[in-house]
Amino acid sequence: MSNQTAVTEFLLLGFSDVRALQILHFVVFLALYLLSLVGNLLIFIAIALNHQLHTPMYFFLMNLSILDLGSISATIPKSMANSLMNTRSISYSACVAQVFLFAFFASADFAILTVMAYDRYVAICQPLHYETVMNRKACVQMAASAWISVFLYSALHTGNTFAISFCGGNMVDQFFCEIPQLLKLACSDSDLSEVGILVFSVCLSSSCFVFIIVSYVHIFTTVLRIPSEQGRHKAFSTCLPHLIVVSLFICTGTFAYLKPTFSSTSGLDLVVAVLYSVLPPMMNPIIYSMRNKELKGALSKLIGWRLFMKNEKSIFIL
C-alpha cells in the first residue's frame, strides 16, 4: 500500500489534448481572470477613495472583493499555465497550497456574506440601533473574526486532507486540486476523518445558510411594510444583489461538494467547478454595481477621473 509520501506530484485534468483547444482555453480563462481582477479592483478602489462609501456595508463589500481576487487567483493561473505549456502536472506542495488557499478564500467569502446579511438585517429591521450595533469597532472585529476562524478551519481541513494515504494514483479529475476529487484517490480506510470534516463543514455552512434565510425573511417582511415606494426600492437595491450573490455561491458550491462524485462524469465535474470557482468572483462586481446607485456613481467617477488624467497627460505630451 502506497502512502502520500510516494506522491511527489499530481496530474490535473486538462480541457483538451488538442493544441488549438488548449490555447483557446488559455485565452478564455485569461479573459475571465482579467475581467474578475478588474471588476473587483475597481470596486475596492472606488470604495476606498470615496468617503461617502465608508459604511459597514461597503466595508464588508471591500472584504468580499479581496476574497474574490484571492479565490480566483488560487485556481485559474495554474490551469492557464498548464494549457499554455501543454502539461498537466502540479507539485505536491503546490497542490497543498492550492487546497488551503481556495478553502480559505471560499470559506471566508461565505463568512463575510453571512456577516453582510446580519448588517442588512440590522440596517432595515433595527435602523435606530444600527450606528450603535454596527460601529467601526464591531465591523472590524466581525471581519477579523471571520478571517481568523476561517484561517484555522482551512489549515485543519488542508492538513487533514493530506494526512490521508493516496492509493488511487495521482490523477485528479479536476482542473485544480479539489478536495472531493482528492478523496477519490484516498485509501478506503484513511479518508474517514476527512469525511467527518466535510460533514462538519456541511453542518456549519447549513447553519450560516439558515441564518441568512431567516435574516432575509425578517428583512423582506419589514421592507413590505415601508409605506414609501422610494424607501422600498432603496432597501431592495441593497438587499437583492447580496441575495443573488449568496444564492449563486451556495447553489454552485453545494452541488459541487454534495453530489456523489463516483456517479458523475468528468465533464460535469469540470463544468460545475467552473461555475462555483470562476463564475461568482467574476459576477459579484457586476451584480453589486447593477442595482446600487451609490456604487455605480463611485465607479463612474473613478473611471471618469482616470480617463481625464489620461487625456490631460496626452495633452501635456503634445
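Along the chain as shown, the residues are counted starting at 1.
Any Cβ shown, glycine's included, is placed from N, Cα and C.
What TrEMBL says about this one:
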- 39-288: domain 'G-protein coupled receptors family 1 profile' (DOMAIN)
- 20-45: transmembrane segment (TRANSMEM)
- 57-76: transmembrane segment (TRANSMEM)
- 96-118: transmembrane segment (TRANSMEM)
- 138-156: transmembrane segment (TRANSMEM)
- 195-219: transmembrane segment (TRANSMEM)
- 240-258: transmembrane segment (TRANSMEM)
- 270-288: transmembrane segment (TRANSMEM)
Distant-in-sequence neighbours of the transmembrane segment (195-219), which means Cβ under 8 A and at least six residues beyond its ends: 110-111, 113-114, 117-118, 120-121, 124-125, 156-157, 160, 179, 183, 235, 239, 243, 246, 250, 254, 257-258
Per-region confidence, the domain 'G-protein coupled receptors family 1 profile' (39-288) (mean pLDDT, whole number): 84
Leading contact stretch, 57-76, 96-118, 240-258, 270-288 vs the transmembrane segment (138-156) - CB distance under 8 Å: 96-118
